[in-house]
Amino acid sequence: MFKFALTLTLCLAGSLSLAQHNPHWWGNRNTIVHLFEWKWSDIAQECESFLGPRGFAGVQVSPVNENIISAGRPWWERYQPISYKLTTRSGNEEEFGDMVRRCNDVGVRIYVDVLLNHMSGDFDGVAVGTAGTEAEPRKKSFPGVPYTAQDFHPTCEITDWNDRFQVQQCELVGLKDLDQSSDWVRSKLIEFLDHLIELGVAGFRVDAAKHMASEDLEYIYSSLSNLNIDHGFPHNSRPFIFQEVIDHGHETVSRDEYKELGAVTEFRFSEEIGNAFRGNNALKWLQSWGTGWGFLPSGQALTFVDNHDNQRDAGAVLNYKSPKQYKMATAFHLAYPYGISRVMSSFAFDDHDTPPPQDAQERIISPEFDEDGACVNGWICEHRWRQIYAMVGFKNAVRDTEITGWWDNGDNQISFCRGNKGFLAINNNQYDLSQDLNTCLPTGTYCDVISGSLIDGSCTGKSVTVNENGYGYIHIGSDDFDGVLALHVDAKV
């Protein structure tokens, strides 16, 4: 009897972890966008007016729980919880629930960035949160939950990142470290996540997962409710989990400890794609991209060119400030069939702490758009760049096809097909790419969705005529505005 019960428990745990890798996308949609620091009302409108019509699959939203108020309102104050009340500068619980419903109604899922590792860092005296809740972080007193000192690990600093105890039980940059093995802490975290599930979210990005023991997270995840069928989720659907685990290789706490619980952020993807498109590694080597580079298996990897943290760091990672290379890297990211793709939507920043666009009263302001739909008032909105949203459409059009017809010039010019549905060419050399290449597409004329669109039967940008053998003449000049060209069957004239 014991053996049968143990086997049943292991089978259930395995099926739950497998289910937590499913992002619950509509139809052929398969790209998430991180609308970093957007207000809930603005996200709802964006789902209805842009993301849904353009085929985006989901939105990662900023933390929803009450946070500390820090001088100047830096973005990172959102990562210092005071309570689990759903009131932030992005809006209140009613506005959040309205956003989730409206986005689900147009096929755009919502994934919440959640903070299970810690509460706020030290604050002199009494801290007041965005919902008006008082706390004394220095005393580990958070009555809005409530948490007291006994709910936290003993105070210590991470000085050795190769020491598992320090990484998982000491304070990450001074943030008060919760004890996830505590029944009370577990119950409050599960209650918080279940409330979000009740409101209709599809899953969670788990911040600082590396700093929590995988067995504690497994208990929390397995205790969560199924997704809310009133929001279009099938019966018995499990929340999609993707976990922030920074692992550059040879880490004491490894990404592999978390990959069976849900997807894991593949930070090496971000670093290596930046290296390649900055010219530090020839694009020809990208033919074996993915597991061939030592990355996680595709279904366990959350992939991105940059995220809200590493876009602010020096190094290989690309961001919006290098637009030509960034758009090429993003095009490759969305064209190559590896990983669960997320694109970034940023606001402009001059330093690490720059707050989101705000008014004189420190209220987040709504994005404004020019006649082309681009953001103009401090929001970057990379997801509204034609070269990026067009590749979201490309990714949808070629879903479930494989790489064929790889070509390269032995250096930084590459092309490949996605079955007989799509074709991508990139020129990252300082000389032109001008060549007849195999597009693998049926005979006809196709619009390049990078330089323009198919409108009323005509291309507003470049076009390529494909002959009966699948070949077309491809030209990407070294000084062209964009170093990439993309064709797919849904952009055939």
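Cβ atoms are placed via backbone N, Cα and C, with glycine included.
Record check: Swiss-Prot places R205, R342 at the chloride site, and the matching candidate among N162, N307, N377, N396 is N307.
Of the cysteines listed (C440, C459), Swiss-Prot assigns C459 as the disulfide partner of C447.
Geometry remark: N307 (chloride binding site) versus C170 (disulfide bond), CA distance 25 Å.
Cα distances from Q20 (pyrrolidone carboxylic acid) to the recorded positions Q168, C375, C447 are smallest for Q168. A gap of 26 Å separates the Cα atoms of R205 (chloride binding site) and C375 (disulfide bond). Taking all protein chains in view, 20 other C-beta atoms sit within 10 angstroms of the C-beta of D207 (active site, nucleophile). The recorded positions C103, N117, Q168, D177, R342, C459 include none with a CA atom within 10 A of the CA of E244 (active site, proton donor). Listed in chain order, the residues near the Ca(2+) site other than N117, Q168, D177, H211 are H118, H153, V167, Q169, C170, E171, L172, L178, Q180, A208, K210, M212, each with its Cβ within 8 Å of the site Cβ centroid. Annotated pair R342 (chloride binding site) and C459 (disulfide bond), C-alpha to C-alpha distance, rounded: 28 Å.
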